[in-house]
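Asker: As listed in TrEMBL for this protein:
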TRANSMEM  39-58  transmembrane segment
TRANSMEM  70-92  transmembrane segment
TRANSMEM  174-195  transmembrane segment
TRANSMEM  201-225  transmembrane segment
TRANSMEM  277-297  transmembrane segment
TRANSMEM  309-327  transmembrane segment
TRANSMEM  372-395  transmembrane segment
């Protein structure tokens, strides 16, 4: 408990994703009194959505136009594909913002329900891990965006020092109207493209960080259920008896009924979260192999050491992004299945037939591990390894044609 009466988890709840979400105007929030979203959140979202959409369309178009030069095309497709997926993520969160806010409130209620020091300590540990992973994603994305934006400036400074003819260079390979690169508007265009990259970073830092935080909080909720099950039998001091009395069995059934209610609430929350994230996770996994493959190919084919360094930062961010989805999904399935292990280890053999049926009902449902599954994919660590293997196969195949 904190001094304000809030549980310890309150200070860690979505800490990093909330910051990124507020910057792009997407954090699920309502005005006090049940009103809509704040007006400034709408302005931030419109700006972020517009600059990311312009970047996605312009960069993908540039790559399609310059397919005859593979290196140039890949330099456009890599960030362009990431921005295109980010446009989808921004729209999905904006369209269902009220639904996201409800999910956050439901999850908050589940985590706030347990005020025991042991449970809160466990939740804080999971929240700290989730926030650190979110911060790693934000940091790697920011470093990548900084590398893209500094590269033209460094090259321009180099040409000026060695007295080479200057040329117009933008942070990203992109198709823009001719007036946008005229001397008068060039600085503004450069700033807007920089903002496009920054908004992309904050967008996927929020959405992907929101996903991994939600998964680890769900993991924490399942672990709270496991602690409650152990505590039911520990509080009965059943070591001194071979068979529970009728009063003890009645107490077990009463407290197990509360556990069943909480367990069902967690499973229902997983189902609703999966439904909301289906399109996002599906598109992210479909694009992951292409992004990794094209990034590694660009590093292999690019003769510029500065560009190579930029794309090393890019692949670190892309791998972190993919790993978060698989890490979070893996934790949900493992913690869900662990409830069945706890039920098997308790002293169920001391209960009467009626109580054993209740335990068996929970056990049967727990054995079907809950997953964040979408069509064709289930985020997990084996899926992460499979995508890396697929990307490696694509690279090997493409190298035979180069």
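Cβ coordinates come from backbone N, Cα and C, glycine included.
All TrEMBL annotations are machine predictions without curation.
These numbers come from a predicted model, not from an experiment.
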Asker: So, taking each listed stretch (70-92, 309-327, 372-395) in turn and counting its Cβ pairs to the transmembrane segment (277-297) that are under 8 angstroms, which one gives the highest count?
Answerer: 372-395
Asker: Could you tell me what the rest of the chain brings near the transmembrane segment (201-225), counting residues at least six beyond its ends with Cβ under 8 Å?
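Answerer: Hits for the transmembrane segment (201-225): 13-14, 16-17, 20-21, 23-24, 26-27, 48, 52, 82, 85-86, 89-90, 93, 103, 107, 110-111, 113-114, 119, 122-123, 126-127, 129-131, 133-134, 137-138, 141-142, 144-145, 259, 262-263, 266, 269-270, 273, 277, 280-281, 321, 324-325, 327-329, 331-332, 334-336, 338-339, 372.
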Asker: Give the one range among 70-92, 174-195, 372-395 whose Cβ atoms make the most pairs under 8 Å with those of the transmembrane segment (39-58).
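Answerer: That would be 70-92.
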Asker: What residues elsewhere in the chain lie close to the transmembrane segment (70-92), defined as a C-beta under 8 angstroms and at least 6 residues from its ends?
Answerer: 24, 26, 45, 48-49, 52-53, 55-56, 58-60, 62-64, 148, 172-174, 196-197, 200, 203-204, 207, 276, 279-280, 283-284, 287, 290-291, 294-295, 297-298, 301-302, 307, 311, 314, 318, 402
